């Protein structure tokens, strides 16, 4: 047996079978290969990965390549990381329009959030949307599987295009469309009910109905970008898997539960993280539908954070909002890590 640690190229990250040409201690692994192995979650000394052509995975950096990626990296740092870190710092301060100078208060903002009864009531609504969004992931998976089973490539392409066309329309447009459909005085549904002699229904004003109305606006409960992610995973499966299933006489339902869904569990985990984040921070649709600040029955942590920073009346409480935002971030992160660890243990 050949010891892989004796066949590591330090500077160039050549294939594992090549001899090291750079001076230095024998068996030393370069930082580039360690970085690649860390990203790929593989052992740099494992013989299992001898055939990986490391030069193709992580070749020498060029100035031209760095210049191309620099705008994306800089914009990500400036518009994503800097505000996020600034928000973490500001969650330990308090200030107002009258006293714009921030005052350090330590954990007082977090204490106010965790002891606020309105925050406690919002957690129940957050749990409702989380469970609902998790259940509504499966229509998207079924749509992707049905589309994958369309063997005619032209027809499948047409369906993919039709599925992606609504993505160019802003979500705000769809929300306003539902207002015209479900509005109390001018909505098409209520006008139809009034024409039949049935009392109008306050779909957008009743705290007992607003949560179900928000879910209704997701019809047909299919997310185009998630469908494309699942399709990419299904198309990457070897044809021999489907041939073996046909030879064994596996039906379409069993194929879904025993082959298709387990083989796209990686794509499912990716979409699951997005669903968890959306459920924890959701507020935009409720804000557009009606002023939910006075209805604790529909308040969510994200909506509470918004109204604390931009209240209809009174002074804004920025410290509270920053602290609540950090708490929501930690909750979403903890739920995502727990879910990913659980799914990994089930694989």
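Along the chain as shown, residues are numbered 1 onward.
For all residues, glycine too, the Cβ spot is worked out from N, Cα and C.
Residues or ranges marked as region 'Disordered' in TrEMBL: 1-24.
Positions annotated as transmembrane segment by TrEMBL: 57-79 (among others).
According to TrEMBL, the domain 'ABC transmembrane type-1' annotation covers 122-339.
Same-chain neighbours of the transmembrane segment (126-150): 156, 159-160, 163, 211, 214-215, 218, 220-223, 226-227, 230-231, 234-235, 252, 256, 260-261, 264, 268, 271-272, 275-276, 278-280, 282, 300-301, counting only residues six or more beyond its ends whose CB sits under 8 Å from a CB of the stretch. Residues or ranges marked as transmembrane segment by TrEMBL: 126-150 (among others).
Counting same-chain residues at least six beyond the ends of the transmembrane segment (157-181), those with a Cβ under 8 angstroms from any Cβ of the stretch are 143, 147, 150, 187-189, 204, 213, 216-217, 222, 224-225, 227-228, 231, 284-285, 288-289. Under the heading transmembrane segment, TrEMBL lists 157-181 (among others).
Per TrEMBL, the feature transmembrane segment maps to 209-231 (among others).
The transmembrane segment annotation in TrEMBL covers 270-290 (among others).
Taken from TrEMBL, the feature transmembrane segment covers 320-343 (among others).
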Grab the same-chain neighbours of the transmembrane segment (320-343) for me: Cβ-Cβ under 8 Å, and only residues 6 or more beyond its ends, written as numbers and ranges.
87-88, 90-91, 93, 109-110, 112-114, 119, 265, 268-269, 272-273, 276-277, 280-281, 301-302, 304-306, 308-309
